[in-house]
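Visitor: Mind having a look at this structure? Questions to follow.
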């Protein structure tokens, strides 16, 4: 079994957790380390885009997990250090019990849908959570023209537009008033950030949709999973479609609703 360990950059507590995990893993497992962690523990390491493993243990927040999903190859197991950590499966208090489950193969592997993003026909990256087109200046709105399979839908004035996967529908899109999609639904959610007027609501498209968003007016920014950023100019066109390959995550929850209750709706009485 080949296991890679990735930690949030400049996170001392993450390094301490990594040491605990390293000591708990079977001695016959092959462990590789992402370079920033490797430097801290004085081990040989790999750049994140060089990592290819059976399991990738990621210690940090959702940003670290998305960075790993963007560049590394393997089944991702997230350990939450800090924030909400919706993409994580393990909290700090149950690390040892969860690693024991990992060793015993007491988990499932879920593949989350991804989105391929193109700007003017040139591939720009893959989104596991979302692709966001937003204004490049505070308090400035932009116009976005939306098409499905080259059929014009609407032109909307807003601070931005979010195109989310099912797992990404629990993130920025949800905060913007969008619906939550179950991970097995394979739909695409389009939500606007602070739209002008009451008509602009979230739209759910099928996985066969080729979305096109044309930038009307001034410059904007494209952000993919918060990891890749690209400047957009007037009349630039962003195409987004479902990727052939998403990202594989290790799950230790009984079902998605259990995770939803724990991470997003903690006030619900069970």
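Positions of Cβ are set from backbone N, Cα and C atoms, glycine also.
Feature list, courtesy of Swiss-Prot:
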| type | residues | note |
| --- | --- | --- |
| ACT_SITE | 62 | active site, proton acceptor |
| BINDING | 62-63, 67, 129-130, 140, 159, 167, 170-175, 194, 227 | NAD(+) binding site |
Visitor: Rounded to an integer, what is the Cα-Cα distance in Å between residue 62 (active site, proton acceptor) and residue 170 (NAD(+) binding site)?
Guide: 12
Visitor: If you draw a 10 Å sphere on the Cβ of residue 172 (NAD(+) binding site), how many other Cβ atoms land inside?
Guide: 20
Visitor: I want to check the contact list for residue 67 (NAD(+) binding site): same chain, sequence separation of six or more, C-beta distance under 8 angstroms. What comes out?
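Guide: Those within reach of residue 67 (NAD(+) binding site), by Cβ under 8 Å and sequence separation of 6 or more, are 48, 225, 227.
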Visitor: Can you give me the same-chain residues 6 or more apart in sequence from residue 174 (NAD(+) binding site) with a CB-CB distance under 8 Å?
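Guide: Non-local contacts for residue 174 (NAD(+) binding site): 180, 264.
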